[in-house]
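A.B. asks: What follows is a structure written as structure tokens; I'll ask about it next.
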Amino acid sequence: MIVELGAFALCLALALSGLQVVASVAGRLRSSPVLAGAGEGAGLAAFLAVGLAFGVLIYAFVVSDFSVSNVALNSHTDKPMLYKVAGAWGSHEGSLVLWCLVLTGFGALLARARTGEAGLPFGLKAVAVAAQGGLGALFLAFVLFTSNPFVRLSPVPVEGASLNPLLQDPALALHPPLLYGGYVGLSVCFSLAVAALIEGRPGAGFWPAWGRWIRPWALASWALLTAGIALGSFWAYYELGWGGWWFWDPVENASFMPWLAAAALLHSAVVTERRGALIGWTVFLALVAFSLSMLGAFLVRSGVLTSVHAFAVDPERGLMLLGILGLTAGAAFTLFALRAGQLTGRTLFAPISREGALVVNNLFLSVAAATVLVGTLYPLVLEAAGGATISVGPPYFAVTFTPLMAMALIILPMGPLLGWKRGDLIGALQRLAWAAGLSLLFALIVWGLFRPREALTGAGLALGAWLVLGALAELTERIRLFGKRTPGELGRRTRALPLAAWGMTAAHAGLGLFVLGAVVETGLKVETARPLEIGQTVAAGPYQATLRAVEIIEGPNYLAESATLEVEPLGGGRPETVRAEKRFFPAGGQTTTEVGLSFHGLDDVYLVLGERRLSDSGERAWTVRMNWNPWARLIFLGPALMALGGLLSLLDRRLRTVDTTRRKRSPA
Amino acid sequence: MLIFWTLTGLACALAGLLILSAAGAAGGAAASGPEEDEAARGRALARDLEELDRMAARGVLVGAELEAARAEVARRHLEADVAVAAPVVDTAGRLRQARWVLAGTGVTALAALALYIGVGSPGVADQPYARRVAEWAETPGMLDAPKLAAVMEREAANQPENFEAQALLGAARFEAGDPIGAASALRRAAMLRPDDAQTWARLGEALVQTQEGEVGTDAEMAFLRALALDPGQLGARYFLGELALQRGEAARVHEMWSPLIAALAPTDPRRVDLESRLPSLSGSEG
Amino acid sequence: MRRLLILAMMLGLAGPALAQEPPATPDRPLANAEQEARAQALFEDIRCVVCQHESIADSPAGVASDMRRWVRDRIAEGQTDTEVRDGLVARYGDYVLFTPPVRLGTLLLWGLPLVLVLGGAGVLVWFARRRSGQIEPDADLTTAERTRVDNLLKAARTGPEDDATLPPKTRDGTS
């Protein structure tokens with residue numbers, strides 16, 4: 001009965017989303033706050049209904065109700081509780097319910113957004129709520145008609161088929177909610193852009209205000225995407241056991257494209273807000289960002305990535321997703337084309353200015369996003385067109401994407417130091433001179449210490465340091481650290497800095513840390529693999545590991561061969577004990593690796609237990625792969641700092657639009 | 001069933017309440033005229049100018065920069081053509097619209113019901129695993145192996161120190177085609193009662209199953225334990241004989257299989273098979 | 001077969017029988033360090049033909065192991081990197097390399113990023129040129145504008161009562 005209640009709640013949510021569209025449109029057309037209010041209420045109710053359905057789905061997983069097909073296919077009674085719960089969004093159907101939950105959740109937040117003088121105008125909000133409701137209705141219909149998670153089974157199987165053990169990991173249990181938060185948060189930017197295209201006025205006041213309205217949504221989405229992608233990358237790093245953290249896999253690209261677009265949108269929205277310029281471009285990016293999110297969902301969820309043929313075998317889901325994408329993006333971009341002529345701002349700026357720097361940043365970010373898009377879709381299109389099958393992998397992105405981003409990063413620290421409208425490039429460069437000098441010095445020192453294999457590593461080091469120091473330089477400029485200042489005045493200036501400024505500094509410095517980590521890890525990592533008998537030692541970089549013992553252990557739902565290794569610096573030092581495991585899950589018949597990670601400052605010592613065989617001397621031996629990944633910690637700390645920066649900016653009072661203390665006004 | 005429809009009705013009613021209250025709040029709040037619009041814009045302007053003043057007071061904005069910022073802010077507000085406040089509706093209009101909202105909510109509930117009848121499975125009960133196992137436990141005689149294993153699993157989990165429970169669980173899992181699980185349970189049983197020959201023999205058999213018929217070292221150890229405790233463990237004899245046959249130890253094969261052959265009826269096809277495979281004791285043939 | 005071996009391994013059954021049939025042929029690095037480095041670099045660019053999106057450097061699959069051995073053998077025979085790549089493409093098609101080929105069908109793939117960035121830059125330069133000279137600092141408010149600002153501010157003070165969302169007045173004298 002509870003399960004069926006979930007199914008009903010999903011149906012109710014779809015109907016409510018429909019009402020949300022109709023009431024909001026009617027409210028706008030009849031200029032009726034009552035009808036528009038009903039639309040907002042319906043949006044809120046739809047969110048609660050999807051929440052109920054999602055809760056019921058989790059309940060079905062927790063109690064292992066195998067009469068629910070989705071549970072039977074993706075759960076097993078021997079799974080630990082965390083993965084029973086996470087199994088609710090580990091499957092195709094469940095993940096789409098999560099998508100709808102986030103979509104309607106953002107819709108509910110939008111419905112609660114402030115109206116009136118400090119908030120959204122009546123008409124704009126009504127249309128945006130209607131657009132958001134339309135998106136919700138489309139995706140809920142997709143869930144109900146092609147991916148209903150509440151389909152029942154008869155006869156009921158005795159046991160479930162279990163969740164892919166690779167997904168039974170704490171990081172991956174949290175990864176989809178974060179990622180979907182980011183993907184779907186962009187839907188609000190999309191809806192607000194559609195609403196602005198319909199409601200927009202040529203007056204100079206409208207568009208800067210609009211830029212301010214979409215910024216919190218873009219910021220929140222971008223921060224969630226950053227955290228989600230970093231978490232997914234960290235999972236790949238320690239769960240797959242390949243030693244890498246980014247593979248330019250189409251699934252990764254699917255989440256990276258919206259991230260790039262959201263980053264571009266964030267920056268261009270600033271220009272629109274502050275200067276009333278780049279209006280058309282910002283609107284365009286808002287539409288593109290969510291379209292790329294939907295494209296990502298299509299790529300990952302339709303099976304088209306495995307092969308075009310796999311897609312053709314069961315095309316129903318894929319075609320419907322493609323239909324949703326075509327319908328929403330098609331309608332939005334047609335609207336954009338019709339209104340594009342009216343979207344030019346009147347504000348002018350010199351090429352050398354804050355706006356100019358942000359425009360160049362946008363150029364590189366958006367071309368980078370386009371490059372990832374082309375690299376991801378090209379093999380699919382070529383194959384579908386009957387051409388040859390090709391692979392687009394890391395070497396392609398190394399020569400296309402990397403130079404584009406490097407260009408964007410070189411100019412990044414200058415932007416914040418240039419004035420609006422007309423900037424003083426020489427002055428900015430003078431103020432950055434110490435940062436530039438220190439970056440080069442830093443690169444030279446690290447180069448001299450470690451002697452990397454490729455010259456590009458040196459350039460990357462300088463670039464990363466330039467970003468971190470540039471962010472700090474901008475901060476010191478803001479509080480005027482240099483000059484004759486009393487400590488009290490410095491403190492006052494520091495406190496007076498808006499949160500958004502701290503956020504920007506944190507995000508830019510985080511990006512720099514990430515670049516440093518990525519460059520050093522890629523350029524200097526050392527990998528060794530050799531068969532070890534008990535007591536034998538393998539070395540990589542400045543560390544060595546000794547195999548102490550291997551035992552068979554029984555986990556909650558797996559058997560594991562568990563190796564105990566002792567890691568110590570080559571020069572001598574305190575040894576640290578690390579476990580590396582190879583787990584076998586009988587329920588699905590799959591094995592996974594659990595990497596042994598030993599942290600040394602910013603370095604990782606990464607140990608993978610491999611196959612067992614007899615050594616030449618006839619003893620039992622295990623192939624152990626050992627990686628020394630210098631500064632690998634920065635690859636994940638950097639994005640964490642970036643996401644934190646996004647959060648800080650989001651908390652800035654000036655960006656608050658959601659009304660938490662709804663005003664009470666007496667009716668006139 | 002009645003409870004289910006009551007709950008769905010309740011869900012619809014709650015949604016309707018939410019919609020109506022939101023509509024009511026919006027209708028009540030939106031009561032501003034053009035002069036209020038003007039006032040609102042003025043207040044927004046005043047607020048932005050105050051923000052500039054504060055920045056000036058902190059020394060962030062000075063001189064011409066401050067004046068330029070003031071001019072820009074003022075101009076932006078002058079040109080603002082944003083429909084700030086919601087339109088006004090009189091009370092009668094609000095009531096008429098409220099009726100539309102009510103009707104819309106009703107239609108929504110009906111649509112949800114129709115959808116549910118279409119895609120849902122009305123009347124199908126929940127089947128939480130624990131309850132199904134409890135039901136199976138009522139009629140242990142009528143269960144097939146996987147269900148029996150599920151029932152035994154619950155018993156064994158409740159009594160981890162009970163040898164019978166573990167041994168039965170092992171047997172049930174073995175029957176259900178889960179030799180890994182069977183081996184795990186039988187190993188626990190063997191720990192609880194190390195002198196039980198039958199358990200060791202079964203553990204050996206389960207281990208052989210996990211290797212798809214190969215007699216590995218662990219299985220061999222288990223069979224040897226079983227035979228040491230009870231020479232009459234015929235299953236253990238069979239597998240140890242197979243192993244000896246593979247290794248070409250003819251005398252060992254005879255030692256293992258002779259009592260086995262003796263125990264089987266002369267017409268038993270298994271006896272015929274074993275006899276035909278017995279190696280000659282000269283040791284020249286394997 | 002693979003499943004059986006995993007099971008055997010997992011249950012701690014270290015049969016000597018297993019040693020005769022190792023799960024995947026162990027990688028034997030080339031004795032010449034320079035050649036081995038070349039082989040390792042090539043592995044990164046070669047796709048495991050049975051995997052989703054893995055290079056043979058990463059993949060644990062048996063096929064990947066065979067491909068690694070094939071590459072090492074070719075290098076040991078003295079083939080150049082290009083010859084090894086060509087040999088692989090001849091055997092498996094373009095699909096096997098992560099670097100897509102440059103030919104008519106992939107012109108768009110390779111060319112688009114450059115075209116976009118140059119085109120975008122061109123448009124920006126064009127805009128900048130057309131508008132240069134038009135940029136002036138914000139003029140001070142005209143008298144008419146000043147009057148309208150004062151009217152707005154007056155409306156704010158005399159208009160319907162304020163609501164709670166306004167921040168408290170914190171003007172500190174400067175105006």
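Using the three backbone atoms N, Cα and C, a Cβ is placed for every residue, glycine included.
Please treat TrEMBL annotations as automatic predictions, because they have not gone through curation.
Sharing the record's features from TrEMBL:
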| type | residues | note |
| --- | --- | --- |
| DOMAIN | A:89-302 | domain 'Cytochrome c assembly protein' |
| DOMAIN | A:322-653 | domain 'Cytochrome c-type biogenesis protein CcmF C-terminal' |
| TRANSMEM | A:6-29 | transmembrane segment |
| TRANSMEM | A:41-62 | transmembrane segment |
| TRANSMEM | A:82-110 | transmembrane segment |
| TRANSMEM | A:122-145 | transmembrane segment |
| TRANSMEM | A:178-198 | transmembrane segment |
| TRANSMEM | A:219-238 | transmembrane segment |
| TRANSMEM | A:278-299 | transmembrane segment |
| TRANSMEM | A:359-381 | transmembrane segment |
| TRANSMEM | A:396-420 | transmembrane segment |
| TRANSMEM | A:456-475 | transmembrane segment |
| TRANSMEM | A:496-520 | transmembrane segment |
| TRANSMEM | A:631-651 | transmembrane segment |
A.B. asks: So are the transmembrane segment (A:496-520) and the transmembrane segment (A:122-145) touching or not, going by 3+ C-beta pairs under 8 A with a sequence gap of 6 or more?
C.D. replies: no
A.B. asks: Establish whether the number of Cβ pairs under 8 Å between the transmembrane segment (A:6-29) and the transmembrane segment (A:122-145) reaches at least three, counting only pairs separated by 6 or more residues.
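C.D. replies: Stretch pair touches.
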A.B. asks: Would the transmembrane segment (A:456-475) count as touching the transmembrane segment (A:178-198), i.e. at least 3 C-beta pairs under 8 angstroms with sequence separation of 6+?
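C.D. replies: No, the stretches stay apart by this measure.
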A.B. asks: So what's near the transmembrane segment (A:122-145) in sequence-distant terms, Cβ-Cβ under 8 Å and 6+ beyond its ends?
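C.D. replies: Result: 10-11, 13-14, 17-21, 24-25, 27-28, 31, 33, 36, 39-40, 42-43, 46, 50, 93, 96-97, 99-100, 103-104, 106-107, 110-111, 113, 115, 187-188, 190-192, 194-196, 198-199, 210, 317, 320-321, 324, 327-328.
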A.B. asks: Under 8 Å between C-beta atoms and at least six residues away from its ends: which parts of the chain pack against the transmembrane segment (A:278-299)?
C.D. replies: 99, 183-184, 186-187, 189-190, 192-194, 196-197, 207, 211, 214, 218, 221, 250-251, 254-255, 257-258, 261-262, 264-265, 268-269, 271-272, 305, 318, 321-322, 324-325, 328-329, 332-333, 336, 340, 343-345, 355, 358-359, 362, 366, 369, 373, 376
A.B. asks: For the transmembrane segment (A:82-110), what are the same-chain contacts with Cβ under 8 Å, counting residues 6+ beyond its ends?
C.D. replies: 10, 13, 17, 20, 43-44, 46-47, 50-51, 53-54, 57-58, 60-62, 64, 70-71, 73-75, 125, 128-129, 132-133, 135-136, 139-140, 142-143, 147-149, 163-164, 167-168, 170, 172-173, 176-177, 180-181, 183-185, 187-188, 191-192, 217, 297, 301, 317, 658
